Amino acid sequence: MPTDRPTGRRPAVTAPASAPACAPTRRAPRPRPRADALRNRERIVTAAREMFVEYGSEAPLDEIARRAGIGNATLYRHFPDRYALVHDVVLSVMARVADCAERIAVEESAAEHPDPFAALCRFVHIAADERIGALCPMLSDAFDRDCPDLDAQRERLEGLVEGLMERARAAGRLRGDVAAGDLMMVLSQLTRQLPDTGCLNLDRFTHRHLQLFLDGLAAPARSVLPGSAATLEELRRAAP
């Protein structure tokens, strides 16, 4: 088991050549996990997210176990390798962000005085706290293709974000020359770790810079943007 301290490098996490697909065709039903096992798994995922945000995907697994307050054997019982742990961390973050977008959309629809642009801004600031940009680069294209659950959660999140933007646009509050890809690209860039910096020390700037960006999304537009809007499909094709 690794005991070295993190070095700051952030290699992509890819599945080994022999790794099985994420969704086998059929499996025998598994017994329902005990409550303490579920709590341990949640503690591991929470600690791993914190470590991955701070140090990248090479954060030592024994340090993750220590932060979670469990032993190494317990960690490996839940996650046999780093690949499996990264998968669950990113899946849980994407699910929380999608749940947030869905909740905000419902609240906005039921509001007596709806403000869809304010709802969009609220979602962006909450999503930034999940540090999506610091986590998503750990996934390779092959990892995404082999994991239908990740693809499904990503499609759900993208659809909800596009819905929030469309409602703001229909209300005349969002400029018409931007797309969901523009929003997600900036959100990713502002929530990822900068080289040779302590990313957590920069958190105080994230929401300030996000608000500057969001102010630029408001209609009426005060300038003509160069080029065309970035779509989510273009971002997927451009991913390394």
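If you go along the chain as it appears here, the first residue is 1 and each next one adds 1.
Glycine residues also receive a Cβ, built from the backbone N, Cα and C atoms like all the rest.
What TrEMBL records for 1-37 is region 'Disordered'.
TrEMBL lists 9-26 with the feature compositional bias 'Low complexity'.
Marked as domain 'HTH tetR-type' by TrEMBL: 38-97.
Model confidence over the DNA-binding region (60-79) is summarised by a mean pLDDT of 96. Taken from TrEMBL, the feature DNA-binding region applies to 60-79.
When DSSP labels each residue, the DNA-binding region (60-79) comes out as 15 helix, 0 strand, 5 coil, counted as helix, strand and coil in that order.
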